[in-house]
Amino acid sequence: MPTPVGQIPATSESILRSSDGSNEDEHRIAVSEGYTREEHAHMLATKWLSAGQLNQLARSQGALTILSCLVYKKGKFSVIEEQQLGSAIEQYRLSKSLSEDQMYEVIFPKDEKGKDTAFWSEITAAVPQRPIIAVYHHVRRSRHPVKQQGKWTPAEDLILRQAVANHGQSWEKVCLEVGRRGMDCRDRYRNHIQNRELRVNGQWSKEEEEELTKIVTDLTLKQGRDADNDVFWGVVSQRMCGKRSRQQCRIKWTDCLNPSTKNAGQKPRWGNQDSYILVHKLDSLQIFDDSEIDWKTIPDPQWNLWSPHILQRRWLTMKRGVKGHEFMTHQAEIMEILKAKKVNAPVTGGTRKRVGRKVTSANAIAETETQSDMPVAGPSTSSKK
DNA sequence: CTGTAAGGTAAGGGTAATGTCTTGCT
DNA sequence: CAGCAAGACATTACCCTTACCTTACA
């Protein structure tokens, strides 16, 4: 019943240590502090806390010693949360006996008149760990009347260009002319229309890769920041003179260049041990649905070669390997995969699949260290400090 | 009158889904 | 060696958070 929040996956280390994979809960950090939970939920649902305020509350011990740190949830809304919100909204509608149209007015008030200030607080209560502002944005986005989505046609692009020329970056006005949501227009514009003449597509050249690496390290490590997280991709794209978009730069770095850099310039290979770690980590989360996974939290200091993005894709690939996974629950999928031989054997004893061709990240380390039968700790000994 | 909180809009930051070409098994 | 699944890599739609305002009102 309680939505699992702030779940912390088991560390790669603890997974590898316990050979049978059924390691104990040392890692299962309790969210608990039960008696302040209510107060937190109430605060999240009633106060429109800004980003800074939320951060501070989560960090500090709370001014009134009774309060432990505030715990609140970020990231994509899971399907469960979406359901909870949906029924909360429906409940609200029925309790006020409103029509669908009137309900719409509550979410998108035309004037100050019909405003019901209690509405947002009420539905936020249905997702206890979410700040009201997050619910506000999510609901307004997901119930937006303009439904046009999917691929952009050249004609639309043209209208968009025209509209931006007329109105500048006033996306709400642009929205009316293009017939797409304002923010979607913004996305299309900044990611594909702006600097289109300069844009380069296709394979990255060696020089480009070096250029990007240099820019990113200059912008992060050289300034004492973290190259895994603190990168400003808009700036990076600019420094690449607009040749590559922020999305291109980001993906190239996190999925390709960054792992190589960490692995002493060598492209790491995904190995059985990596699969093993991943599945057990996901298992340790004890969740019901994939959408509850916060991929950012899956890597750990001992096992950080792979970007959250890559891990997510790996998981999908593994799932697809399971017959009938579409009809399984999350737990069943996990168990199914756990049963599979290759995942259960962290040290690739008799696997015939691609052994020793290019180095597998995990195996590479396994060989350099002792020849014990025990699984060895994380692949990324060469990670930065 | 005025300081503060609600709430609307844009900028900033990130992920998920999909396409295409290559690699490597059986 | 064909046929096919998986991998590598690229593209783009889509989503969430934070910043910055305007406005209402205690």
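Each residue, glycine too, has its Cβ placed from N, Cα and C.
Checking the ranges A:246-280, A:351-385 against TrEMBL, the region 'Disordered' annotation falls on A:351-385. Per-residue confidence over the domain 'Myb-like' (A:144-193) averages 91 (mean pLDDT, predicted model).
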